[in-house]
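Here is what TrEMBL says about this protein:
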- 112-145: repeat 'TPR' (REPEAT)
- 152-185: repeat 'TPR' (REPEAT)
- 390-412: transmembrane segment (TRANSMEM)
- 552-640: domain 'Histidine kinase' (DOMAIN)
Amino acid sequence: MLFKRSFCFYAVCCLSVGSATTVYGQKQDSNSVKKLLDSASVLIDIDKQKALNLYQTIITTSKKINYPFGVAKSLHNTGIINYELAEYEKARKFFHEAIAQYRPIKHGKGISSCLSNIGNTYQLQDKSDSALLYYQKAVDVSQQYGLTESAGRGYSNMGMVFRKLKQPQKAYDYYLKAFQLAKKSKDSTTMGIALINQGTIMDDLGKKEEFYQKQLEALKIGELSHNNYVMKLASFNIGDYFGTKKDYQSAIIYSERSLQYSLLMGIPYETERIKPIIARFYFLSGNYKKAESMLFDALEQSKKIEASDITLDCYTILQELYETKNDFKQAYKYQKLAKELNDKIFNETQVKTIHELEVKYQTSEKDKQLTSNKLQIAEKDLQIQWRNTWITITISVIGLLLTIVLITYLTYQNRQKLHKQKLIALDKEKEVQLLEAMINGEEKERTRIAKDLHDGVGGMLSAAKMHFSVIKNENPQMNNIQGFDTALSLLDESATEVRKTSHNLMPELLLTHGLKEALALFCQRINNPLTYVEFVALGDIPRFKQSFELSVYRIVQELVNNVIKHSEAKEAIVQISCHDELLSITVEDDGKGFNQNGTSKNGIGLSSLHSRVESFNGSMKIDSEEKKGTTIYLEFDIARLKVLASSELA
């Protein structure tokens with residue numbers, strides 16, 4: 001047929017200037033720019049060169065009044081004019097410049113439109129990969145700015161490319177995406193065209209009935225939305241479908257409907273190009289008179305609008321019609337007219353092609369001259385580069401040698417440093433091992449003494465007390481002996497003190513329940529009328545390696561004893577917490593404190609405590625001031641100690 005069934009990609013040409021008034025209303029001078037944009041838009045179809053000149057004026061004015069939309073819009077429409085003049089490279093340049101102006105003002109519709117038009121230029125040059133790339137970019141921008149309608153049209157464009165590439169399934173998928181997005185945005189035009197184009201895929205695959213059903217769906221959407229454009233396209237395709245079925249009456253009905261919708265749209269070219277199609281259906285149905293009348297009407301109108309292709313169609317069909325009527329004179333006349341017009345169109349095409357080739361040739365000659373000049377410059381640059389290269393190589397070799405020497409020296413220094421660090425680490429490890437051995441020896445001795453006190457002296461004192469109690473009970477007169485009860489009481493206190501000393505030397509609660517319970521009991525027992533020791537535990541305190549628990553217990557025990565003996569404190573706090581593989585212990589009092597600058601930090605007691613803490617990868621900090629008390633912080637990394645504890649306690 002003379003009319004293509006699949007409809008070309010969307011060329012997003014001119015955005016509404018009026019819509020910019022509310023979104024981009026800026027200075028009062030911008031109103032004059034908007035009026036100029038309206039005038040330029042009208043000039044596009046009348047005198048493209050004048051339109052281009054006016055857009056340059058608008059760009060200059062917009063820059064002066066700081067009106068970026070005026071600049072962007074002018075560049076955008078300048079690109080469109082070059083697009084219509086088939087100056088695709090220039091068009092792309094202006095579209096890219098327009099995008100650069102649209103981005104700062106976040107005009108998503110303008111950006112998407114320019115990207116789509118860049119894709120269109122590549123499509124017309126049969127550069128499908130580049131066309132697809134820019135159509136996808138347009139879709140991405142549309143979705144970023146929530147422009148569902150524009151995104152749907154972008155997918156429709158991509159479907160066109162894949163149909164052209166003979167990939168019907170991909171084309172159909174993109175038409176389906178276009179339909180879904182158009183449905184979401186209630187864009188009846190894109191919905192209708194997406195369905196129409198889905199139908200063309202069905203037609204390409206030989207599925208005529210599916211093609212017909214898609215056109216009916218599109219027609220229904222057009223009728224519901226009163227969209228003349230969609231109704232025109234769908235009606236035409238349905239007419240074409242009936243034409244292939246040789247149901248010419250139905251074909252005429254739908255084609256006539258398409259013509260009526262085209263008349264309502266007021267696009268002369270689209271209206272006249274449908275008439276020869278309808279005339280052919282009348283001719284094939286045997287209604288020669290109606291066909292002849294419509295062809296003469298189309299012939300007259302096509303000459304007015306200088307549509308040579310439509311005129312040629314009319315001549316061709318008139319030739320066939322008169323041959324069928326055996327009016328060979330008229331048939332010859334229109335055959336001759338068709339040939340002359342075809343030759344004219346061919347010659348015009350040839351002239352245009354020759355002109356394009358001449359332009360390309362002259363451009364090529366200029367490029368050759370530029371290339372020659374560039375070659376001469378390149379030769380000079382090459383000589384300079386060779387000289388610079390040798391200088392660079394020489395400097396690089398010297399630099400490399402110096403670098404090697406420096407690296408060798410630094411490596412030697414680093415090895416020496418590492419060796420010293422290893423020696424220090426070994427000394428430290430030996431010191432720690434020695435300290436651990438001393439601590440273990442002390443603990444063993446404490447354990448032995450504790451058992452001797454508990455089982456030996458403690459037992460004897462308890463036995464003595466028991467005997468004295470028996471004597472007292474058997475001899476009532478002993479109650480009258482002065483000092484007997486006092487001696488018995490002292491004996492009882494001695495036994496209690498021995499037990500307390502035994503427990504302090506080897507606390508069983510520590511071995512069975514861990515640090516938290518042992519320290520709590522210790523603080524409770526050591527309380528006295530002069531100093532109150534409070535114990536605070538924050539969070540769960542896990543079990544640790546036995547030697548670690550004993551050492552920490554001894555350290556806290558020694559610190560608290562020092563508070564009671566030397567600080568003259570009324571209150572003291574022992575706080576323990578465990579968080580993020582870190583065990584923290586704080587011993588704080590409100591005693592007399594001491595001057596850290598005046599007291600040796602390396603005294604025997606403090607030095608011993610520091611050594612014990614460091615042996616378990618811990619740290620100790622003392623904060624004290626005269627008459628303001630003392631605070632001692634202990635911190636231990638317990639990750640390794642916890643792992644060992646799980647096997648040790650099992």
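Glycine is no exception: its Cβ is also placed from the backbone N, Cα and C atoms.
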Tertiary contacts of the transmembrane segment (390-412), defined by C-beta under 8 angstroms and 6+ residue spacing from its ends, are none
What does the DSSP secondary structure composition of the domain 'Histidine kinase' (552-640) look like, as residue counts for helix, strand and coil? 30 helix, 32 strand, 27 coil
Counting each residue once, how many in the repeat 'TPR' (112-145) are helix, strand and coil under DSSP? 30 helix, 0 strand, 4 coil
